[in-house]
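> From TrEMBL, for reference:
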type	residues	note
TRANSMEM	20-39	transmembrane segment
TRANSMEM	45-64	transmembrane segment
DOMAIN	120-238	domain 'Palmitoyltransferase DHHC'
TRANSMEM	168-190	transmembrane segment
TRANSMEM	202-224	transmembrane segment
REGION	284-328	region 'Disordered'
COMPBIAS	303-314	compositional bias 'Acidic residues'
COMPBIAS	318-328	compositional bias 'Polar residues'
Amino acid sequence: MRRGWKMALSGGLRCCRRVLSWVPVLVIVLVVLWSYYAYVFELCLVIYLILYHAIFVFFAWTYWKSIFTLPQQPNQKFHLSYTDKERYENEERPEVQKQMLVDMAKKLPVYTRTGSGAVRFCDRCHLIKPDRCHHCSVCAMCVLKMDHHCPWVNNCIGFSNYKFFLQFLAYSVLYCLYIATTVFSYFIKYWRGELPSVRSKFHVLFLLFVACMFFVSLVILFGYHCWLVSRNKTTLEAFCTPVFTSGPEKNGFNLGFIKNIQQVFGDNKKFWLIPIGSSPGDGHSFPMRSMNESQNPLLANEEPWEDNEDDNQDYPEGSSSLAVETET
């Protein structure tokens with residue numbers, strides 16, 4: 001009976017947590033809708049409305065894509081099979097467990113390690129983590145090329161939507177800047193007493209204040225992520241240096257400025273400003289600076305690793321040469 005109450009309480013708390021997680025998104029949506037009303041209907045700056053709506057459409061489009069693009073999870077190839085999972089959990093000898101994971105890692109293109117040099121394993125998802133993959137405690141899943149979990153989009157930012165998130169930041173900065181610069185003349189009129197409507201005065205003051213406040217915070221955040229993209233790093237990698245088979249290397253994925261940008265936005269520049277998927281690869285493996293073209297097929301413009309049924313496929317040496325330990 002007590003167990004049933006605990007399960008019901010836990011389920012209720014999870015439900016409340018899901019509902020509350022949408023509060024930041026709701027706040028942003030309400031602020032944006034109010035800004036649209038204040039700018040279009042109250043101030044009615046007709047001469048600016050065409051460009052305003054163009055920016056607004058891309059801002060809303062990228063925000064939508066950031067929220068509703070699901071985080072991409074590792075391929076089934078990285079998961080322990082049902083039989084292997086039972087064997088792993090029932091095995092009491094740590095050295096045997098490690099050997100089981102070593103055998104699995106031999107078939108996978110994994111080059112990053114834990115701080116102690118072990119193959120990265122998620123004991124919650126029961127999978128060997130691909131390079132740059134991390135477990136998100138909020139989403140309760142492993143996310144490919146995870147950057148961070150953002151409460152303002154109520155979503156995990158990773159391989160599937162990092163491009164959309166960057167575009168959302170860029171169009172947000174442009175949106176706030178455009179509103180602030182076009183409303184500033186009305187702000188001057190307010191101080192001169194040239195605005196007879198009290199309601200217009202409120203909208204002018206508050207619209208300029210909100211636009212400037214969000215502009216400053218968004219510029220800082222957008223600038224930081226631009227720096228990350230230029231170095232081909234994620235937020236997690238900026239705080240914790242990735243460890244490779246050869247040891248820690250903070251610039252392990254840095255391929256040069258242009259190639260780093262292409263790793264997020266793709267090779268075709270006409271898609272860079274449009275929120276459609278164009279990031280190269282499958283999110284499971286990435287080109288690395290420490291490997292030359294003969295060692296790394298991704299740098300040699302060959303076909304990237306793909307999931308297939310050939311369990312005997314060979315991968316470059318070093319994938320599983322180190323010991324393995326469970327990463328919590």
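The backbone N, Cα and C atoms fix where each Cβ goes, and this holds for glycine too.
Just so you know, TrEMBL annotations are computer predictions that nobody has curated.
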> Excluding the flanking five residues on each side, which residues at least 6 beyond the ends of the transmembrane segment (45-64) place their CB within less than 8 Å of a CB in that stretch?
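Apart from its flanks, the transmembrane segment (45-64) reaches 28, 32, 36, 39, 153, 164-165, 167-168, 171-172, 174-175, 178-179, 182-183, 273, 275.
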> Determine how many residues of the domain 'Palmitoyltransferase DHHC' (120-238) DSSP places in helix, in strand and in coil.
68 helix, 16 strand, 35 coil
> Determine which residues of the chain contact the transmembrane segment (202-224) at the Cβ level, with the cut-off under 8 Å and only residues 6 or more beyond its ends counted.
31, 35, 38-39, 42-43, 166, 169-170, 172-173, 176-177, 179-180, 183-184, 186-187, 189-190, 195
> When the pLDDT values for the domain 'Palmitoyltransferase DHHC' (120-238) are averaged, what is the result?
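A mean pLDDT of 92 is what the model gives the domain 'Palmitoyltransferase DHHC' (120-238).
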